[in-house]
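Undergrad: OK, TrEMBL features for this one:
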- 37-55: transmembrane segment (TRANSMEM)
- 67-89: transmembrane segment (TRANSMEM)
- 101-124: transmembrane segment (TRANSMEM)
- 150-171: transmembrane segment (TRANSMEM)
- 271-291: transmembrane segment (TRANSMEM)
- 311-332: transmembrane segment (TRANSMEM)
- 381-404: transmembrane segment (TRANSMEM)
- 410-429: transmembrane segment (TRANSMEM)
- 460-481: transmembrane segment (TRANSMEM)
- 502-522: transmembrane segment (TRANSMEM)
- 558-575: transmembrane segment (TRANSMEM)
- 595-617: transmembrane segment (TRANSMEM)
Amino acid sequence: MGTEITEPLLLDSNETIKTVDSAEIIPEWKDQITIRGLVASAILGILFCIITHKLNLTVGIIPSLNVAAGLLGFFFVKSWTGFLSSLGLSVSPFTKQENTVIQTCVVACYGLAFSGGFGSYLIAMDEKTYKLIGADYPGNRPEDVKNPGLGWMIGFLFVVSFLGLFSLTPLRKVMVMDYKLTYPSGTATAMLINSFHTNTGAELAGKQVSCLGKYLSISLVWSCFKWFFSGVGDSCGFDNFPSLGLTLFKNTFYFDFSPTYVGCGLICPHIVNCSVLLGAIISWGFLWPFISQHAGNWYPADLGSNDFKGLYGYKVFIAIALILGDGLYNLVKIIVITIKEMCNKSTKQNLPILKEVQDSETSKLLLEQRKRDEVFLKDRIPSWLVAAGYVGLAAMSTAMIPVIFPPLKWYLVLCSYIIAPALAFCNSYGTGLTDWSLATTYGKIGLFIIASLVGSNGGVVAGLAACGVMMSIVSTAADLMQDFKTGYLTLSSAKSMFVSQLVGTAMGCVIAPLTFWLFWSAFDIGDPDGPYKAPYAVIFREMAILGIEGFSELPKHCLALCCGFFVAALVINLLRDVTPKKISQFIPIPMAMAVPFYIGAYFAIDMFVGTVILFVWEQINRKDAEDYAGAVASGLICGDGIWTIPSAILSIFRINPPICMYFGPSLSS
């Protein structure tokens, strides 16, 4: 799991994307899915899975990569068709419908690298996380260990990842056309794709791709250069450069020259980056030094740096308190908004309809909407097929999951699948209103409930596996509805959207575990002192233990501090909602503040550098910043991600960097 952060792109409900040409020829749904599109999707799926794993296993913050996926998909197919045309070969035109299918396929594929639990619930079961928490820690049993394996991970993803696609498909007309939910990210993606397939938009897209390629090359070369100085171990190279001095370096405040985190800072909203930095300052600047002064009183002074009975316990549990406080508040908020909006919809349907005089512009908009409605409803997906698919997959999953995870009994899996469609609907409706998916929150609720029901005899593994089941369903259901909205606005067939989601999910079930295995084989995953900390693995395992054991084993005053930060998360979120926008835009986000509490402050510095660059750029030339910031950020992230592949191969073959660049205090004479 990671914290996927996207900037809400809420549009006025009166705005309409004016891209529909009544004379436009719409390809049949089968023609929208092409071999070249699927090949491009697979290549991009591999790249974005690697990037997502790297972010998930290092800091857990994953920015939206949809812009990069759209740009690179457009670039790949345009380049291929241009190349074949230059050879005098006849090629079919590249349509916005095919572009939409590629986008859908890529997002479905790399989405499983996020929701598949490779940085959270799956890796929380492994032996290293068990040992990190401590063999003598109450509730942490050696029997509750299941190390990653390619076979069972691929099998698990195949049996849980498709159910979400079948759970809400019959409601696509209700969600997209009747309720007219905004689905901000889906709408923004449609705007992007529609713009690519106009003359002016294609010209801008070409410039953006060129910009992305330039910064991808710079990032790739820089990451390669850094490798030569990174030596053996975790204390060498630019990743440990004490740029703010050795004193601050000891408290993890330093700029580590990471193109990925600077790119994240360029993509994420300013308030997210500032919230992360504020969380780093509060935790590593004040709170941890303060608690460290009470070593020997609040906790034994001779404990190791990663012992849960010491400072490490405060770091993990206070981060959990902030995450749960933020998640609970937003869950209640989304449910309230959903109920309120549904009541408003039913009230409006009972009101008398008044005919208004329509001018030519209004008539044109109505014609465009009718065209979209017609295309969206043309290729129907039989409800009986969807229902049969859900029941069949649920039956298969109910039989298979207890084989993979014996403590999670079949009747618990069956109960999860009975209530899952209702939760998927709530999450999809909330995402359509706010652009905020609460899949991880639903997963944590399932984790606590199942862990407490199963108890000490296997509750940890059962809770973590149940978290994965719930997360997969509600996450893929929300993603599918986003894609239906994108398809609706780009005149793409609902059937082609559904099939491309199925294909992308199938790709992800294989590509996501394989790319994770590259990291698992090459790097020391889960080492709290290394670059691949897998921070959420420890957090999720501790949540499962808490569901069984309660709070009895927390260090002194830790529970009080956790309660304080939990309440603070609720209050801060409430203030963000009740204060005017001119004030609320400066109030931090608790979820973003929580991330550095456990990981460290270094990536917060990098992200803040990114946000400062963007802020200055916006002041100098806002139009350029809006057009190219996403491309620059995507290039930085993709270049660093690509270098991960040769870096992993070198590590597998035990080829170490030749130089260790290390910094220390000068020796006094």
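Don't overthink the numbers, they just go from 1 along the chain as shown.
Cβ from N, Cα, C; glycine included.
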Undergrad: At least three Cβ pairs under 8 Å linking the transmembrane segment (460-481) and the transmembrane segment (101-124), pairs spaced 6 or more in sequence?
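TA: With 3 or more qualifying Cβ pairs, these stretches touch.
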Undergrad: Is it true that the transmembrane segment (101-124) and the transmembrane segment (502-522) have 3 or more CB pairs under 8 Å, sequence gap of 6 or more?
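TA: Checked: the transmembrane segment (101-124) vs the transmembrane segment (502-522), in contact.
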Undergrad: Sequence-remote contacts (6 or more beyond its ends) of the transmembrane segment (271-291), Cβ cut-off under 8 Å?
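TA: Answer is 5, 7, 61, 251-253, 265, 298, 311, 314-315, 318, 585-590, 592-597, 600-601, 603-605, 607-608, 610-611.
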Undergrad: Does the transmembrane segment (311-332) come close to the transmembrane segment (595-617), meaning at least 3 CB pairs under 8 Å for residues 6 or more apart?
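TA: Yes, since the transmembrane segment (595-617) and the transmembrane segment (311-332) share at least 3 Cβ pairs closer than 8 Å, they count as touching.
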Undergrad: Do any residues of this chain, six or more beyond the ends of the transmembrane segment (150-171), have a C-beta under 8 angstroms from a C-beta of it, and if so which?
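TA: Sequence-remote neighbours of the transmembrane segment (150-171) are 112, 116, 122, 381, 383, 386-387, 389-390, 393-394, 396-397, 400-401, 404, 417, 420-421, 424-425, 428, 468-469, 472-477, 479-481, 498, 501-502, 505-506, 508-510, 512-514, 516-517.
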Undergrad: Select the range from 37-55, 67-89, 410-429, 502-522, 558-575 that forms the most Cβ-Cβ pairs under 8 Å with the transmembrane segment (311-332).
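TA: The stretch with the most contacts is 558-575.
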Undergrad: Tell me, please, if the transmembrane segment (67-89) and the transmembrane segment (37-55) are in contact, taking contact as 3+ Cβ pairs under 8 Å between residues separated by 6 or more positions?
TA: yes
Undergrad: Okay, the transmembrane segment (381-404) and the transmembrane segment (502-522): do they have at least three CB pairs under 8 Å, pairs separated by 6 or more?
TA: no
Undergrad: Residues sitting near the transmembrane segment (381-404): Cβ under 8 Å, six or more positions beyond its termini, same chain?
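TA: That would be 152, 155-156, 159-160, 162-163, 166-167, 169-170, 172, 410, 413-414, 417, 421, 465, 469, 494-495, 498.
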